[in-house]
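Peer 1: Below is a structure I'd like to ask you about.
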Amino acid sequence: MISSVKHTPFSASTDFLPKKRFLTPTLKFSPLPIIQNSIFNNKFSSEKPLHISSTQNLTFSPKEQQKELKTQCNAYEADRSRPLDINIEVLDEQARFEAAQRLKIGIYFATWWALNVVFNIYNKKVLNAFPYPWLTSTLSLACGSLMMLVSWATRIAEAPKTDLEFWKSLFPVAVAHTIGHVAATVSMSKVAVSFTHIIKSGEPAFSVLVSRFLFGETLPMPVYMSLLPIIGGCALAAVTELNFNMIGFMGAMISNLAFVFRNIFSKKGMKGKSVGGMNYYACLSMMSLLILTPFAIAVEGPQMWAAGWQKAIAQIGPNFVWWVAAQSIFYHLYNQVSYMSLDQISPLTFSIGNTMKRISVIVSSIIIFNTPVQPVNALGAAIAILGTFIYSQVYSHIFLVKYEKFKIVVHIFPGDQMVYNWQKIFPPFGFVLPTWLYGDKRPAEQPFNLL
């Protein structure tokens with residue numbers, strides 16, 4: 001038998017009490033609910049009855065009524081004369097959730113960086129032996145599209161539910177993605193991988209300038225000042241590049257501009273669409289493939305491809321086929337993981353991860369291809385990458401200051417609430433507020449994408 005005993009004691013002094021008639025305190029007995037949690041059920045034996053007594057001290061003082069009531073519980077077996085010490089440990093679900101999220105994000109980042117490094121290495125090997133970037137870009141998109149079609153057909157991944165409006169909104173995004181992809185491949189066919197990625201680290205500068213001069217969006221002066229290291233570092237790296245090529249340089253610059261427009265079109269046109277993450281990138285690859293294929297045939301053509309393919313096979317051997325397959329597969333995989341990561345983390349954390357990704361690609365490509373680097377050139381690369389990191393920090397800080405006084409009321413248990421300051425919720429390195437913490441009430445304005 002399990003019961004709860006509530007005893008209401010009174011103080012001996014009655015000077016502070018209102019002059020009213022009080023009822024004699026009584027004992028109240030009520031059955032306690034059966035514990036349904038399997039964690040707790042495993043702690044007790046059902047062979048012997050268990051008694052749990054609970055005593056609550058109540059007071060009539062208004063100040064003390066506001067304090068949290070403390071309950072002392074003792075448990076003992078029916079055939080024992082003294083209580084047994086029973087420690088019930090409640091698992092901290094929130095701590096486990098946060099640890100799992102950190103591990104998940106770490107795995108996403110490590111996989112993303114590794115796949116990107118492998119893609120860039122094989123892509124450069126293919127372009128050195130087969131200098132046809134338009135076909136190489138087409139094969140990358142074709143391989144990714146085929147992989148996703150097979151995944152949907154075999155139900156490894158759930159096929160997205162799309163309509164005509166979705167594809168119409170996706171079209172400008174796909175055009176910008178196609179231009180950026182081809183331009184980056186053309187750049188890597190002409191210059192070193194490290195130089196292409198140094199120039200591509202200047203993408204934030206293009207983003208701010210396009211927003212300012214084409215869309216009239218103004219940002220605080222610290223944001224514009226943070227662009228100076230990016231621009232200066234890229235300029236220093238370009239001037240001191242030993243194997244500088246104007247086509248390679250312009251390809252990286254065009255790629256930056258195209259990807260800025262891709263992000264703008266995606267943010268404005270795809271807002272509210274249900275397709276996201278892996279399936280979103282799959283649809284983007286398929287539409288980009290349809291756009292790119294006729295242009296690739298017109299620019300290079302089957303005759304050039306056939307001659308170049310035979311020459312590459314003669315020089316490299318059968319391994320060249322593996323290189324082409326590897327660069328195509330890893331291109332899709334690293335982009336797929338990056339889009340999946342963006343669904344799990346804040347854009348700020350994603351931008352920091354993207355900066356670290358460029359560092360890993362630059363360093364690994366210099367080591368593998370024995371790229372000669374002058375100290376001044378390395379200094380320019382370091383300044384540009386550091387400037388990208390500073391830009392992301394300054395940009396996020398502007399949003400945090402803007403929303404510093406914004407409050408979120410969080411309902412954790414019925415009748416209870418906790419008020420958090422926006423700046424405390426979102427530290428400088430970004431933090432994704434879990435869905436269970438704020439329920440169905442999202443903030444009216446939010447600087448980050450909340451899950």
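Placed from the backbone N, Cα and C atoms, the Cβ positions cover glycine too.
Note that TrEMBL annotation is computational and uncurated.
Quick paste from TrEMBL:
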DOMAIN    103-392  domain 'Sugar phosphate transporter'
TRANSMEM  105-122  transmembrane segment
TRANSMEM  134-153  transmembrane segment
TRANSMEM  221-240  transmembrane segment
TRANSMEM  246-265  transmembrane segment
TRANSMEM  277-297  transmembrane segment
TRANSMEM  312-334  transmembrane segment
TRANSMEM  355-373  transmembrane segment
TRANSMEM  379-401  transmembrane segment
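Neighbours and distances for these, please.
Peer 2: Sequence-distant neighbours of the transmembrane segment (105-122) (same chain, 6+ residues past either end, Cβ-Cβ under 8 Å): 188, 193, 197, 323, 326-327, 330-331, 333-334, 337-338, 340-341, 344-345, 349, 353, 356-357, 360-361, 364-365, 368.
A Cβ distance under 8 Å defines the sequence-distant neighbours of the transmembrane segment (134-153), meaning residues of its chain 6+ beyond its ends; these are 123, 126-127, 159, 181-182, 185-186, 189, 278-279, 281-282, 285-286, 288-289, 292-293, 295-296, 299-300, 305, 324-325, 327-329, 331-332, 335-336.
Outside the transmembrane segment (277-297) by six or more residues, the chain places 134-135, 137-138, 141-142, 144-145, 148, 157-160, 162, 166-167, 170-171, 173-175, 177-178, 181-182, 270, 332, 335-336, 339-340, 342-343 with a CB less than 8 A from a CB of the stretch.
When Cβ-Cβ distances below 8 Å are used as the criterion, the transmembrane segment (312-334) is approached by residues 112, 115-116, 118-119, 122-123, 125-126, 129-130, 136, 139-140, 142-144, 147-148, 285 of the same chain, each at least six residues removed from its ends.
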Peer 1: Let me know the model's mean pLDDT on the domain 'Sugar phosphate transporter' (103-392).
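Peer 2: PLDDT averaged over the stretch: 89.
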